[in-house]
Amino acid sequence: MTLFRVLYGVTAATSCLYVFGEYIAEFTMLVGPSMEPTLNNSSTENIVVTEHVTSRLRTLRRGDIVVVRSPQDPRNLVCKRITAMAGDLVDDGASGYLKVPKGHIWLLGDNQENSTDSRDYGPVPYGLVRGRVCYKVWPLSEFGKIKSPAIYEEQSLP
């Protein structure tokens with residue numbers, strides 16, 4: 001009977017952790033220069049809290065930093081900032097302006113000179129969004145809430 005209780009407890013705890021990480025929030029390690037200076041502004045990786053509720057309720061906004069499945073390789077995750085929503089006009093960096101299609105977002109890295117983003121792979125389907133980055137927890141010296149700059153709140157048309 002004791003072995004059953006232990007297995008039951010382990011199974012229940014594992015299930016709760018899985019559900020929490022999949023549907024509520026999870027810790028995500030971010031590596032690379034594309035979001036400097038907002039993230040990875042030091043010589044170490046950043047660990048952030050990525051919450052999933054906002055993306056599931058489809059209440060993301062311009063300026064939010066999100067973790068998405070890479071449109072180029074869905075096995076990888078990338079972290080970028082939403083700069084345009086469905087219906088917005090964006091400069092695609094190549095052929096001029098395009099309208100972000102319904103069900104898509106436009107993502108850019110804060111360090112645009114060193115970022116692979118929507119200028120390379122185009123609008124990103126909303127379904128690839130894993131969650132919104134809301135807190136930086138590592139390094140401890142940079143612990144705190146991630147704020148979105150006001151410049152992204154309104155779309156600027158060409």
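Placement of Cβ uses the backbone N, Cα and C atoms for every residue, glycine included.
Automated prediction, rather than curation, is the source of TrEMBL annotations.
Remember, it's a predicted structure, so these values are computed and weren't measured experimentally.
Some features that TrEMBL has for this protein:
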| type | residues | note |
| --- | --- | --- |
| ACT_SITE | Ser34 | active site |
| ACT_SITE | Lys80 | active site |
| DOMAIN | 13-90 | domain 'Peptidase S26' |
| DOMAIN | 97-138 | domain 'Peptidase S26' |
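Only residues 6 or more beyond the boundaries of the domain 'Peptidase S26' (97-138), in the same chain, are considered here, and those with a CB under 8 A from a CB of the stretch are 25-28, 33-39, 44-52, 54-55, 58, 60, 64-69, 71-72, 74, 77-91, 144-146, 158. Under DSSP, the residues of the domain 'Peptidase S26' (97-138) split into helix, strand and coil as follows: 10 helix, 20 strand, 12 coil. Broken down by DSSP into helix, strand and coil, the domain 'Peptidase S26' (13-90) contains 15 helix, 27 strand, 36 coil. Counting every protein chain shown, the number of other Cβ atoms lying within 10 Å of the Cβ of Lys80 (active site) is 24. The domain 'Peptidase S26' (97-138) scores a mean pLDDT of 88 in the predicted structure.
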